[in-house]
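Annotated features in TrEMBL:
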type     : residues : note
DOMAIN   : 52-292   : domain 'G-protein coupled receptors family 1 profile'
TRANSMEM : 71-98    : transmembrane segment
TRANSMEM : 104-125  : transmembrane segment
TRANSMEM : 146-170  : transmembrane segment
TRANSMEM : 190-209  : transmembrane segment
TRANSMEM : 241-260  : transmembrane segment
TRANSMEM : 272-294  : transmembrane segment
Amino acid sequence: MRKKFFAVREVRHWNRLPREAVALSSRAPAPPAALNPWDVMLCVSGTAIACENALVVAIICYSPALRTPMFVLVGSLATADLLAGLGLILNFVFQYVIRSETVSLLTVGFLVASFAASVSSLLAITVDRYLSLYNALTYYSERTVLCIHTMLAGAWGVSLCLGLLPVLGWNCLHDRTTCSVVRPLTKSNVTLLSASFFLIFLIMLHLYIEICKIVCRHAHQIALQQHFLTASHYVATKKGVSTLAIILGTFGASWLPFAIYCVVGDADYPSVYTYATLLPATYNSMINPIIYAYRNQEIQRSMWVLFCGCFQAKVSFRSRSPSDV
């Protein structure tokens, strides 16, 4: 009788095993998601951004001559874009390798802080260009250096706070109805980011208009002193205004579609709209090194020194002001 009892108990135990196995299999990790071509393009874009800006950061750190306020700002912009590129790469890796809501939240916060620092650095560069023309006689004073460092500290501090907001709880992980077109950010979060961008864009637009006025006024004063406006002065003025228009136009064309879509878009819209507006925004970080770094003669010389040794270390560098466009 006792043997029969244990036999029945053993049979019941084996009958329960398939159910427990099914329960365990239901809690197993989900299979990896199918590879999204948009995510691949974002990863490729992030790789190009990281490589370009890493070179700029290395050149500025390597060359002691590049220590003027202009190059400090360019270094800040390159650092922010470098971090943004790394963030895009990490987002791709964690999305397809380590699928975790916590990791995704950290990655999104890192990207928000990096891109916010990039846009803020562009604003700081615009302010510096305006000051270099408006206060040309006192531009190279210690007060200017203090002003630059203060602007950068404020820009990076605000950017860090914006990146920490979703990590500290301003996200839609627990309430899907509040999600925006950029999950896991909430609608109110992306609205704040978009409003901040529109404000920065308007300030930059106003400052660049003032810069154009100053450039044209300087050209007019030179013409009055020489009794006529030479062709070289006209060409230089036209080139400077065109360069400023290209800089602002590139910035607006890259970020405005994404900022507008974040305000008018809804989480139920197809994700292809988010990708189609976000990808051009990343191109701005790819173009920034070309506009602000690689076109500069001092950085070009430093690149030759760093890679080819075509110039001696004692070569003299003439640090130009940011107004030289």
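A Cβ is built for glycine as well, from the same backbone N, Cα and C atoms used for every other residue.
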Exercise. So which of 146-170, 190-209, 272-294 has the most C-beta pairs under 8 Å when paired with the transmembrane segment (71-98)?
Worked result: 272-294
Seminar exercise, completed: Residues outside the transmembrane segment (241-260) whose C-beta sits under 8 Å from one of its C-beta atoms, at least 6 past its ends, are 119, 122, 193-194, 197-198, 201, 204-205, 208, 211-212, 215-216, 277-278, 280-281, 283-284, 287, 291, 325
For this session: Averaged across the domain 'G-protein coupled receptors family 1 profile' (52-292), what pLDDT does the model get? Just tell me the whole number, please.
Result: 86
